[in-house]
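Q: If you scroll down you'll find the structure; I have some questions about it.
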Amino acid sequence: MNKKSVKDVELKGKRVFCRVDFNVPMKEGQITDETRIRAAIPTINYLIDQGAKVILASHLGRPKGQVVEELRLTPVAERLSALLGKNVAYADEAYGEKVEQAVDGLEEGDVLLLENVRFYPGEEKNDPELAKAFAQLADVYVNDAFGAAHRAHASTEGIAHHIPAVSGLLMEKELEVLGKALSNPDRPFTAIIGGAKVKDKIDVIDNLLDKVDNLIIGGGLAFTFVKAQGHDIGNSLLEEDKLELAKTFMQKAEEKGVNFLMPIDAVVADRFAEDADSKTVAINEIPAEWMALDIGPETANLYSEVIADSKLVIWNGPMGVFEMDQFAGGTKAVAEALAEANDTYSVIGGGDSAAAVEKFHFADRMSHISTGGGASLEFMEGKALPGVVALNDK
Ligand SMILES: Nc1ncnc2c1ncn2[C@@H]1O[C@H](COP(=O)(O)OP(=O)(O)OP(=O)(O)O)[C@@H](O)[C@H]1O
Ligand SMILES: O=C(O)[C@H](O)COP(=O)(O)O
Ligand SMILES: [Mg+2]
């Protein structure tokens, strides 16, 4: 990589603002998957060992510029303390006088976790004033938040223009592994796209169609395509203004000879709940008022066959609402197919996708579990990641 690394700078006694991606899945105030916290540990330990005063910053969820009590980083501070085996101080703000005092009190090797940076409207707007306020806290900026590197926000991009800015160890590892897989992909090359961030992810498909042999669609994202095919989708997730785009993608796939796979059956529910009434239906038989919350078993079989024949698979976004047992079958089947495909290099991207693979105990059978969801997709599309671009060149 042509960007400076945390290993290229003097850190002893320095205040280091380290942006991490602690955007972990939560349920009722509990962290349900700590993959992203664990992944940041090597950089944090390196900073501690070098005698830096470590200031950690992250977002959690999408609080849209205001304080949301459930999205405070308190549980993350606790979990991080346990993982590091040392006390992590926690500030309930992310900049300003109180935080500056806390930073002044840090000894070499101490760790302070700031409050959710997305509680401030300036974060996502990449407000230069907020970026300056973050920069004022530190002497060096380290970006280890690969998962948020596709966002040009104050703590991921803006701050890098004010103090020396280098990449963390996780950031480097992700770029290296993903870069290698993509530079000359083994074929057949298959991308599996699912999950719930339809708006974010649908555009990615366009670029992926230039690269892959098979494109598999599942999760909430699938139903915009199912609707574009002319089927009723009841109350399933829909991005109305992407319908036309979905049609053009299906056309493009055909022109390019890309095998475009969509659900042929689905598990539908009468409401979005663990104990909803549910049944499996053919894709053209989704009842009005019902919502599709998983791909059906026939779809899962079809997808599993394609996976077994692939040499490189990138997977981003669960096939269904895997957090609820009734709608976990599709995600589990795809994870299992990947685990069993011995000859296949499998890259899993995304906070919830990683959590799913972990939940079903297939994590150690995947080739690489990326901490990036949207970030890994944009990287694979060949887009520059603003959080990386902003770092100092070697
Ligand atoms: N059919 C569906 N309807 C509604 N939600 C769905 C459906 N299928 C999957 N989901 C939800 O999608 C969510 C995950 O989507 P998301 O796009 O966040 O994936 P991800 O792997 O976490 O990637 P990223 O890191 O970019 O967030 C899960 O919480 C899951 O319940
Ligand atoms: O979960 C992710 O993909 C990253 O943490 C970025 O989150 P965002 O999609 O809310 O920007
Ligand atoms: Mg997610």
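A Cβ is built for glycine as well, from the same backbone N, Cα and C atoms used for every other residue.
What TrEMBL says about a protein is an automatic prediction, not a curated fact.
According to TrEMBL, the protein carries these features:
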type: BINDING; residues: Asp21, Phe22, Asn23, Arg36, His59, Leu60, Gly61, Arg62, Arg118, Arg151; note: substrate binding site
type: MOD_RES; residues: Ser183; note: phosphoserine
type: BINDING; residues: Lys201, Glu323, Gly350, Gly351, Asp352, Ser353; note: ATP binding site
type: MOD_RES; residues: Thr299; note: phosphothreonine
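I'm curious about the neighbourhood of these features; can you describe it?
A: Taking Cβ-Cβ distances under 8 Å and a sequence separation of 6 or more, the neighbours of Gly61 (substrate binding site) in its chain are Asn23, Met26, Val68, Leu71, Asn116, Arg118.
Around the Cβ of Ser183 (phosphoserine), the same chain contributes no residue under 8 angstroms that is 6 or more positions distant in sequence.
Annotation for Lys201 (ATP binding site): spatial neighbours Ile193, Gly195, Leu221, Asn316, Gly317, Gly374, Leu377, criterion Cβ-Cβ under 8 Å with sequence separation of six or more.
When Cβ atoms from all protein chains are considered, those within 10 Å of Thr299 (phosphothreonine) total 27, not counting its own.
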Q: Express the distance between the Cα positions of Thr299 (phosphothreonine) and Ser353 (ATP binding site) as a whole number of Å.
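A: Ser353 (ATP binding site) has its Cα 18 Å from the Cα of Thr299 (phosphothreonine).
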Q: Taking only the residues the record lists as binding substrate, namely Asp21, Phe22, Asn23, Arg36, His59, Leu60, Gly61, Arg62, Arg118, Arg151, what is the largest Cα to Cα distance between any two of them, in Å to the nearest whole number?
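A: The two farthest binding residues have Cα atoms 18 Å apart.
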Q: Setting Asp21, Phe22, Asn23, Arg36, His59, Leu60, Gly61, Arg62, Arg118, Arg151 aside, what same-chain residues sit with their Cβ within 8 Å of the center of the Cβ atoms that define the substrate site, listed in sequence order?
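A: Leaving out the recorded residues gives Ser58, Asn116, Gly147, Ala148.
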Q: Pop the Cα-Cα gap between Asp21 (substrate binding site) and Gly351 (ATP binding site) into the table, whole Å please.
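A: Roughly 10 Å, rounded to the nearest whole number.
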Q: Just to verify a number: CA distance, Asp352 (ATP binding site) to Asp21 (substrate binding site), in angstrom, no decimals.
A: 13
